[in-house]
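S.K.: Here's a structure for you.
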Amino acid sequence: GQIVYSIAEETERGASVGNIAKDLGIDAATLSARKFRMITGSSKQYFNINASTGALSVNEPIDREQLCELKSVCLLNYELVLENPLELYRMEFKVLDINDNSPSFPLSEYHISVPEFLSPGARFTLPNAQDLDEGANSVQNYTLSPDEHFHLEMQIRGDGSKYPELVLKKALDREQQATHRLVLTAKDGGNPPKSGDVPVIVTVLDTNDNAPEFEHSVYRASILENSPSGTLVVQVHATDMDEGPNGEIRYLFSNTTSADLQRMFLIHPHTGEVTVNGVLAVQRPLLEMLIEARDNGAFGMSSTAKLLVEITDVNNHGPEITITSLSSPIPEDAVPGTVIALLSILDKDPGENGKVTCQIPDNLPFQLKPSLQNYYSLVTGELLDRELISEYNITITATDLGSPPITTQKTVWVQISDVNDNPPVFSADTFDVFVEENNPLGAFIYQVSASDPDIGENGRVSYMLRNSTVAGNALTSFLSVNLANGSIYAKCAFDFEQLRSFSFQVEAKDNGSPALSAATTVNVYISDQNDNAPAILYPTSQNGSLAVEVVPRLADEDYLVTKVVADDEDNAQNAWLTYHLIHASDSTLFQLSSHTGELRTTRSMRSTDFLKHKVVVVVRDHGDPPLSSTVTVGILLADTLPQALPDFDDSGEPPPLLNATNIYLIISLACVSFIFATFLLFLAAVRL
C-alpha cells in the first residue's frame, strides 16, 4: 500500500503529521511486536512514529531548499516494514514550500557603462535575482528606483524565461552627470512578499556606442556525462558593429553563472568555444549558464546569451542490491509463496540506464517477485526437503538496461530447518534370529536398528516392544529391549522342547512432535541343545524288578528275544539313537542291532546252556557330548511261562571254582611240592 502526506517546510519538531496506524488500517498496539521500522534513503530521519499510538510527528524541521534545491516538487520517500507477517508500506511526504527566502543578487552592486551618445531606447541587461523558494514564492517582478533617464522593462528569452533590462528613456549628458545611482528591487509573490535590492551604478561614457550581439539568445548543447576534459560543447558567436578595439569581442561567463559551473567548463575568450574542464559531477540533467560577450572598447559594452547544456547519461552505475529483510532458517514445510527476503534494488543512472531486471537461477525452488517500486520479494516456489538439501546459496543477478548493460550479483544464504516429516526406517521388514536353548538370563539376542533422516530430536530414535503374548505369557516376560540402541536381551532361558519359535514386533519412534514411528517383525527360532538323555520305553521294569523275557529252551538261531524301544525329546542329531550291548552273561549267545534295538540269538539253543541270562543294553544319542541310558534285561530259557520268576541276581551262572576251602588245599599242595623240590635239589648237590 501507499499513503501520501503533505507538510510545510520548517514545521517545528513534534508537530503532528498524521496517524500511520489509522491511515493504513493497522492495529497500533501491534507495531512494537511486529518490529516496525522506517526505511529512507535520506541521511536524516525527519519523522517519528509513536510505537504505542501510531502517531506520525516531525522529528527534525525540513529545509526544502537544502533538501531539494531547485526541484519544483520536493518529495521524501519512506518505506514502513512490519514483520510477522512481513508487510511493506510506501509513504510519500510532499514538502510544501513557504516563503522563507528573500530574493538576492549574486553581487553586492552592479556597474553599467553607458556611452553618452546613445539614443533613448538603448537597452542594458540587468542581473537576475535568485530566490530559493519555488512557484509563487519565487521572484515575480522587478522595480527600479525613479530616474528621469532610465526605466525598467521585462524581456522574454527564447526559452520563455524573463529577465530585466534597463532602458534609456532620455539622452545622457556626461558633463552634467557622469554617474547615475539606481536601486534594482526584486520581489517575490509570497504572502507577505519579500524583496531584495542591489545598487546599479551607471557610468556615462562618450565612446563605443555599439554592444556585441549574439547570433542566438539561447544556445543548446548535449554532451555525455563521461566526456573527457577538453571536449567541445558549443561555440558561441557575437558581432559588434564598431571598428577597432571597440569591435573586438571577448567571451566570458557572466557573474550570475555559478562558480561550480565555471569550474566545470572553460570558454575561449577569442573563439567562443566552450569546452569541458574536469569531471562533470552534477546530478541535474540540464545545466544553465550565461555567456557574456564584451568588446574591447575603452568602456566595453556587453550582451549575454543563455547556454543550456543537456547532460546525457552514460551507464556508469551498476545496480545496488540491498537485503532489507531476511528470514533464515525457514522450516522445510513452508508453503509455496512464503516470503524469505525483501530486496531493494536501485540504479543511480536515470532513464533506461536506471531500469533494472532481476533474476535468480531456474534450478532453485525459489522465485523472485516484484513488490513495490524497486523492491523484490524472494519467496518459496515449491515444497522444500531438508533431507535432500539443507541450505541454499541463492545468487541474485540484477542487470540494468544500459548499453552495454552492467550486472551486479549478491548471494543470499538460506538455511532450511528440520521438520519431523520422516518416520524411522528399519533396514528390513523382518529379521530372523536363531537362539540356542538354555541361554543364560540377560543374554544378548539381537540388535535391530532404524534410521531417521531428520536431525536433532526429530531424528533421535527410541525402541520398544509392542504388546503381545508368547505361549500365553506376556512378551515382556521373555524379552527386553534397550531404549537407546535397539539391543534385545533374554529375560528367561528358552527350552526348545517347550517353545521352538515365536514372533514379535519392535517399534522405533522418533522424538519429534508429533512423534512418528515404524515397526519391524522379529522371528525367533530356538536351536536345540543335547539336554535330554534317551528315555527307555520298552522293556521297562516295575517296582525296581528286572525286566524278564522268556525264550524257548531250544530256540533257533536269530530268534528275536526282545526289542529295546527308546525316545529322545531333542531334535535332529541330538535325537538320533543307537543301541549297544555292553554286557551279556554269555556274549556268544546274543547280538543287538545298533539301529533297531532288536536283541536276537546268534545260534540255536543247547541243552547245556544255562537257563538264566542277563544282558545290559545302552541307548546313546548323537549329541555333542552324547547322552545315554541303559536297561538290564533278564532272559529265561523255558518252554512255558513259570508260575514265579526266578531270581536273576546270580545271573544263572555256576558257582565259582575258587571258594575258600579249595584255596587252602591249593596253598598246602604248593607248599609240599616246594619242600619236596628243595629236598631233591639238596640231595643232588650233596652227591655232586
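Just so it is clear, glycine is given a Cβ too, placed from its N, Cα and C backbone atoms.
Quick paste from TrEMBL:
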- 6-105: domain 'Cadherin' (DOMAIN)
- 106-214: domain 'Cadherin' (DOMAIN)
- 215-321: domain 'Cadherin' (DOMAIN)
- 322-426: domain 'Cadherin' (DOMAIN)
- 427-536: domain 'Cadherin' (DOMAIN)
- 561-648: domain 'Cadherin' (DOMAIN)
- 663-686: transmembrane segment (TRANSMEM)
S.K.: Would you call the domain 'Cadherin' (322-426) and the domain 'Cadherin' (6-105) in contact, using three or more Cβ pairs under 8 Å, pairs 6 or more apart in sequence?
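M.R.: When sequence-distant Cβ pairs are counted, the domain 'Cadherin' (6-105) touches the domain 'Cadherin' (322-426), since at least 3 lie under 8 Å.
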S.K.: Counting each residue once, how many in the domain 'Cadherin' (215-321) are helix, strand and coil under DSSP?
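M.R.: Looking at the domain 'Cadherin' (215-321) with DSSP, the answer is 10 helix, 48 strand, 49 coil.
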S.K.: With DSSP as the yardstick, break the domain 'Cadherin' (427-536) down into helix, strand and coil residue counts.
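M.R.: Summed by class, the stretch gives 7 helix, 52 strand, 51 coil.
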